[in-house]
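Taken from TrEMBL as is:
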- A:695-787: domain 'DYW' (DOMAIN)
- A:75-109: repeat 'PPR' (REPEAT)
- A:145-179: repeat 'PPR' (REPEAT)
- A:379-413: repeat 'PPR' (REPEAT)
- A:449-479: repeat 'PPR' (REPEAT)
- A:480-514: repeat 'PPR' (REPEAT)
Amino acid sequence: MCNNYVQLLEACIASKSLKHGKIIHQHLLKLSNNDFSSTQSLLLDKLTRLYISCNKPQLAERVFNSIHISERKYKIILWNQMIRAYAWDGPFEKAIDLYYEMVDSGVMPTKFTYPFVLKACSALQDVENGVKIHGHVKRLDLGCDVYVCTALVDFYMKCGCLEEAMEVFDRMLERDVVAWNAMISGFSLHGLCWDAIRLVLEMQHMGVNPNSSTVAAILPAIGEAGRWREGKAIHGFCLRRGFDGEEVVGTGLLDVYGKCGWLVYAKRMFGALRFKNEITWTAMIGAFVTCDATTEGLDLFRKMRVEVAVSPSPVMLATVIRGCAKLNDLNIGRQIHCYTIKLAYYCDLMVSNTILSMYAKCGPNNDAIRFFEEMPLKDPVSYSAIISGSVHNGNAEEALQIFLNMRKAGIELELATMMGFLPACSHLAALQHGVCGHGYSIVCGFTADVSICNSLIDMYSKCGKIDMARLVFDKMCERDVVSWNAMMVGYGIHGLAREAISMFHKMLNVGEKPDDITFIALLSACSHSGLVNEGKHWFLSMTQEYNIVPRMDHYFCMVDLLGRAGLLDEAWHFISGMPFEPDAQIWTALLAACRIHKNVELAEEVSNRIQSLEPEGTGNFVLLFNLYTTAQRWNDAAHVRIKQKNLGFKKSPGCSWIEVNGIVHAFVGGDGSHPESGKINKKLEEFLAEMKALGYKPESTFVYQDVEEEEKEKILLHHSEKLAVAFGIISLKPNRPIIVTKNLRVCGDCHAALKYITIITKREITVRDTSRFHHFRNGICSCGEFW
DNA sequence: ATAGGGTTAG
């Protein structure tokens with residue numbers, strides 16, 4: 001009877017029939033009175049094998065454990081197979097546990113044990129156990145086995161221990177193509193393109209022929225590095241060897257072409273492949289997205305849905321969603337989002353992070369934050385995406401809050417998190433948080449990264465610490481165009497145009513090529529310092545010497561430059577000579593200039609143009625309104641206000657904020673909601689009396705309501721920037737800097753008053769408004785009255 | 001073999 005069961009089980013193993021196997025298992029349980037141990041070990045052996053072959057390692061392990069311990073010792077193949085089954089698709093910890101159990105029960109592992117258990121270690125990134133197991137290998141004298149050594153190389157490489165991997169590899173007496181491939185794919189995994197290529201050449205030199213796996217292993221690194229020349233060379237090699245028709249190689253080549261921007265070649269590879277699997281389709285869609293042919297990519301996705309009757313994989317949907325984000329197409333984005341819900345991919349972090357980032361990029365809206373809050377699983381990537389997304393959508397305060405929650409929840413900070421956090425500090429001028437971010441970046445080694453340092457330069461300069469920004473810049477081992485641009489922008493907003501220009505020359509001296517943003521930085525620096533002739537010079541040389549076609553933004557800088565300097569007619573002519581239609585922003589720059597230089601007639605003309613171009617804007621109304629009130633034309637002013645109201649626009653209120661002990665306190669004009677409001681008002685009253693004694697006269701032209709003088713004085717005294725400064729003075733120790741940020745341009749009366757306050761309090765005050773910094777000290781402002 | 005988060009401009 002027993003033999004019959006053995007034969008039955010063997011039949012089940014051969015046909016991988018779990019269903020029948022389970023029935024037999026039940027029978028055996030009944031026969032043996034639910035006592036496994038009395039069942040013959042041969043049957044248990046077969047049953048274990050069956051469960052392993054059906055990929056049910058847990059069931060297999062349970063049956064295996066009922067074999068008597070003395071017999072289990074000799075079932076080495078079963079041990080190995082169970083470890084393999086766990087190492088295949090987890091739980092990986094079980095593979096490692098089983099390995100130790102095996103060793104502890106005195107069973108000698110074989111060379112077949114190690115590749116499996118090491119695979120489990122690399123899946124878990126468990127270096128500690130991997131190293132311990134490496135020790136066992138040495139003791140068991142398996143250190144020369146190609147199979148085991150290749151597994152060790154693969155393990156070390158996947159865990160990022162490149163030196164250990166190389167050491168094992170170098171000691172190998174013989175190396176087959178698989179061993180070389182382990183090294184090559186390891187380098188490729190870490191983006192070390194040149195090391196991977198060097199090894200391919202070396203292996204050929206040693207007489208080992210690369211196979212199609214070698215090619216497949218090296219292609220991702222080539223693609224990531226954008227080395228299209230090497231990609232083409234490998235393509236040629238594949239053609240000679242006949243590898244190019246293989247799905248894996250063909251897909252890899254397609255991907256390289258896509259990543260290098262050679263869409264035509266990518267399409268040709270795709271067309272030439274006889275067999276296309278889902279990965280091939282995904283790679284092609286991704287190539288379209290990367291090469292800015294996103295619409296075509298989405299079309300291909302639809303075509304695939306019709307032609308191939310399989311549900312798209314998470315990776316494919318992530319690629320498609322990336323496309324929606326790039327197209328700024330919330331409609332299709334939402335559809336794909338629904339589709340992922342239908343396919344139950346909502347627990348796939350990669351998919352949900354892509355959706356999150358799409359909502360953030362297509363903002364500003366509340367979709368991103370809502371989606372984030374409802375995510376069942378979140379990882380550091382999700383946090384990074386929502387932090388940078390919130391900053392991108394103009395909500396830096398929210399970004400800061402999420403960052404602090406993240407810290408509280410103990411979630412690991414990654415480099416990209418910092419890349420979202422530092423701009424949030426820049427926006428808020430939250431110097432204390434920014435400095436913490438800098439410290440943390442040093443500790444984590446992030447400061448070795450050029451982009452992090454670029455963000456630090458930006459953070460310090462926007463927090464008023466231009467010298468610290470320069471210090472970061474000077475300490476960088478490596479700089480890119482962004483570093484120079486960020487530094488120049490910093491000098492520009494601090495009114496240090498000369499320094500910005502000198503940076504530009506230094507940049508040219510070290511051979512860095514200026515880009516379009518470099519010139520925006522240069523032109524806006526000139527504009528803030530009133531360097532009209534320099535600005536004109538750079539605008540011309542930008543096209544003539546550097547072959548950069550001026551964009552709308554460059555024209556904006558020029559209009560701003562001419563306008564601020566009072567050259568209104570020239571600015572007008574400059575706009576008329578533009579090669580394309582000026583947008584509302586350009587006209588607004590001119591309108592702002594009209595306000596500074598009190599030219600009502602031109603302002604009316606310009607305002608009409610703005611309204612025809614962009615009826616939604618409110619800045620236009622505000623500027624015109626202010627201009628009329630300054631000219632005391634109250635009727636015209638009222639008319640503008642009525643028109644604005646009828647059209648349903650509200651002016652965004654002036655808001656100023658200051659960071660005190662890591663908390664950002666915000667104020668609007670006349671704000672009495674702050675807990676310290678009583679003290680703030682008292683301080684301001686004191687200042688008013690002292691200022692008047694020093695010769696201050698409230699400039700009532702900056703009050704845009706037609707009310708009594710006394711009332712005007714009160715309104716002026718409670719402008720948001722004065723409230724924030726007063727709060728700073730009463731809450732910060734005398735040695736702490738006072739840095740206030742405002743969402744609009746600083747008001748003229750406040751500008752005058754703050755100068756007096758620096759005399760009275762003997763403190764330095766910094767105000768950052770929308771266009772630049774004002775450093776007040778001893779009754780003088782760094783802007784030299786030019787802003 | 002395909003794959004998620006990122007710096008400078010107004």
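Keep in mind that glycine also has a Cβ here, set from the backbone N, Cα and C atoms.
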(message) Quick check on the repeat 'PPR' (A:480-514): DSSP residue counts for helix, strand, coil, in that order please.
(response) 26 helix, 0 strand, 9 coil
(request) Could you give the residue numbers and ranges of same-chain residues that sit at least 6 residues beyond the repeat 'PPR' (A:379-413) on either side and whose C-beta is under 8 angstroms from one of its C-beta atoms? (result) 349, 352-353, 356-357, 359-361, 363-365, 368-369, 372, 419-421, 423-425, 427-428, 430, 433, 440, 444, 664, 666
(request) Helix, strand, coil: count each for the residues of the repeat 'PPR' (A:379-413), based on DSSP. (result) 26 helix, 0 strand, 9 coil
(request) Restricting to the repeat 'PPR' (A:145-179), report the mean pLDDT as a whole number. (result) 92
(request) Could you break down the residues of the repeat 'PPR' (A:449-479) into DSSP helix, strand and coil, giving a count for each? (result) 23 helix, 0 strand, 8 coil
